[in-house]
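Heads up: the structure comes next, in structure tokens.
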Amino acid sequence: MAKGDDAVRRKKNKAQRKKLNRKSDSSTVSARVASIIAAKKRRKAGKRRICQGMCFSLPTPDDPFNERLDKKDISRREPQKPKPSKLDRKVSAKRKDSVATKGSVLGHNVALKDEQKKSVTLINNMGKSRHIDSGKMEIQQDGKKVGLHGNQEQACKSSDFPSKYLILCLKAIEDTLYPDGTYNGEEGKRLFVNPWGIEFWKCYSAGKDILETSGSSSDFEQIAWIASTAADVISRREKEGHLFTGPFLLFIVPSKEKALKVRSLCKPLKAQGIHTVSLHPGASIDHQINGLQSCEPEFLVSTPERLLELVSLKATDISGVSMLVIDGMESASGGCYLDTVKSVRQSISGKPHTLVFFNSFNNAYVPAVQSLLTGLVYRLSLNDSVASQSAGIIQSIHVCSSKEERTMKGIQALDNAYSNQIIAQHLKVLYVVGKDNNIQKLVSAVKFKGYSISISSYLNSMESGNSLDCGGRMRPTVSIIDTENISCTDLGEYGVVIIPDFVLSIDDYLQILTRMARHTVNGVLHSFLTKDDSQHAGPLIEILEQCGQEVAEELRNL
């Protein structure tokens, strides 16, 4: 063995002897010193308590050697709460990279039960569906569990207030247009507390088409709320994994000036990933085609003529539009503008959410609105005028020579309403009669035509079932009330109201006119007068002129 190796071995043996001596000496130290030595060794080994995060365990008088370290009860440890997704605050500008956030549907926390998994179908507003295995899904809101049936509109109903992202979009528009804070809206209120905007959001969340009857075109606050609501819906659906290959919002305007105004109000949302393009005759069509090919806009603002031209050239595809806004019913082009809007609507497949600004009370525009809004609608107006509340309701006043002719024409009006299939889809008919009138003759005449009768309990408590016509179609039930029960009757569900014997005061007539047909644009109010009712002719003519409807020559003569 070499000398060097022998020296190394002696040195190693000496170190081992010192180590053994230290162990023998530790037995003579006190328990406190021994516990400190043991704790030091554990710290060097990285051993720590579970409940103290990165703090290493320390000995205690009851457990000086930390022998109970591994016997801690961790059953009470609360699970870590999920952090909110960034998509709740901001939409990514790169939409193709967006993915659904696990455990969230439309911004709500969703609890999944693995033991009872079922297939859930999520349906978008275009009618397309996708199936996912999500088990029983429950929305946690305010401590209550609300079942989720897979419909996005139903999910929107579960929220009573606009989302934080929607308010963020409103603030972005407000701050961009008024950076110095000089915005002076209605009574100095901010955009997010605008009464019209809150009502619009509620109507849109309910899934109904909207008829705006304030009597004016869209203003700054209304455009801001429409754009922000659309951006919020895009954000919600991107969380579910939906990708939009075409425009989501289509805003139809009558002129270049209005198109530029709408685009300027939507431009602040570009920072949130929402791109807006305006199309109008003021720019060359080649320039607009190149612009549409270079980007995929979420919002499209256009005049109907230029839009149809670009659609015919296949420069843009509007078949998948989810939200349609039509403004400018009073435009100078009149009927030509409405015909072009109808052609645009036919290019959209499915049934998008539709908002129509009915800013002209002329009776000539009613058929165009009826063709655009075919289902149930929600009337939205903060204007209490008679013309605004009765917009779209046709007032038909007949002058008769005798009471028999009056009854006969009332039955004829009922037949005409029933033969109109558009109205008959959601048809409810109401007869308003005098308290002291003998209604037996009216009931017999209506039943003779094959209609069922529902008479108010204030009269006879008579009620019969539905009836069928010779073609097997269900005839509508005709309700009859007296004049004293107008105030306590829900007139909003009746699309056709017939007053066979004009025994009403003008106040009662206005009450019926402004409260009826709240969910349809096919409302008709029939009134029948004789020479004995000449005192009502003057006020009725004033109401017709105020609502922009034609006045029959017979009524003027009366």
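For all residues, glycine too, the Cβ spot is worked out from N, Cα and C.
Curation does not apply to TrEMBL; its annotations are automatic.
Because the structure is a prediction, the values reported are computed rather than measured.
Between the stretches 1-32, 129-160, TrEMBL puts its region 'Disordered' entry on 1-32.
Tertiary neighbourhood of the compositional bias 'Basic residues' (9-21): none, as no same-chain residue meets a CB-CB distance under 8 Å with a gap of 6+ residues from either end. Broken down by DSSP into helix, strand and coil, the compositional bias 'Basic residues' (9-21) contains 13 helix, 0 strand, 0 coil.
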